[in-house]
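Colleague: This is the structure I want to talk about, given as structure tokens.
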Amino acid sequence: MAEHSGLFVTFEGGEGAGKSTQIRRLADQLRRRGHDVLMTREPGGSPGAEAVRHVLLSGAAEEFGVRMEAILFAAARNDHVEEVIRPALESGAVVLCDRFIDSSRVYQGVTGNLEPDYIEALQRVAINGVVPDCTLILDLPAEVGLKRARKRGADSAPDRFEREEIETHEKRREAYLEIAEAEPERCHVVDAERSEDEIADEIFAIVEPLVRELSFTQKSSAESVG
């Protein structure tokens, strides 16, 4: 685990994968067991980052080019990390985040055609040492995910990512799977075509041992201090 007293779990995946739903369900399960849980999201999650979120999702930043857009994402992430995530982890909380560094690698890097070195340089500054302990990649075919996303947002205009071509979404899916293959200790691929209950059960089975280890470590630290 990383060098903090909490647990940092990130959720990744394409549009309509069900990340928000599964974050809420996992948070409920952990809270019922007495754990301190913080739910957050990107882009956004802190006042400064939320101000940038609207610009990014509306498409207003596109006119400045992909490099400037990546810088805006990194700036929002840095504010989010320093104002919200790091303090929560240092307090011993379980932090559940909807999107993090892998989204930048996929959205700005792979389908934004930015060089990996450029993305990684921005991320090193943005996260300043705060790295996920566990990343859950909710995987499903792009066409299925987009259909879900459009149904969910039937009463509102689709954001800029939902308006993109199906090939772009499928390319992102492949990129996420490549990240999971490259970092198997951190990343877990979860089949998101199944029912919400089945997905939630698998996610809890992955995260629960990490939370148990966290509780043991915190208890041991408290006893050594006492």
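Even glycines carry a Cβ here, placed using N, Cα and C.
Sharing the feature lines straight out of TrEMBL:
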{"type": "BINDING", "residues": "GLY13, GLY14, GLU15, GLY16, ALA17, GLY18, LYS19, SER20", "note": "ATP binding site"}
{"type": "DOMAIN", "residues": "11-203", "note": "domain 'Thymidylate kinase-like'"}
Colleague: Counting across all protein chains shown, how many other Cβ atoms sit within 10 Å of the Cβ of ALA17 (ATP binding site)?
Modeller: 26
Colleague: Could you tally the C-beta atoms, other than its own, that fall within 10 angstroms of the C-beta of SER20 (ATP binding site)?
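Modeller: The Cβ of SER20 (ATP binding site) has 13 Cβ neighbours within 10 Å.
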Colleague: What does DSSP assign GLY13 (ATP binding site), in three states?
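Modeller: Where GLY13 (ATP binding site) sits, the three-state DSSP reduction gives strand.
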Colleague: Under a three-state reading of DSSP, tell me whether SER20 (ATP binding site) is helix, strand or coil.
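Modeller: It is helical.
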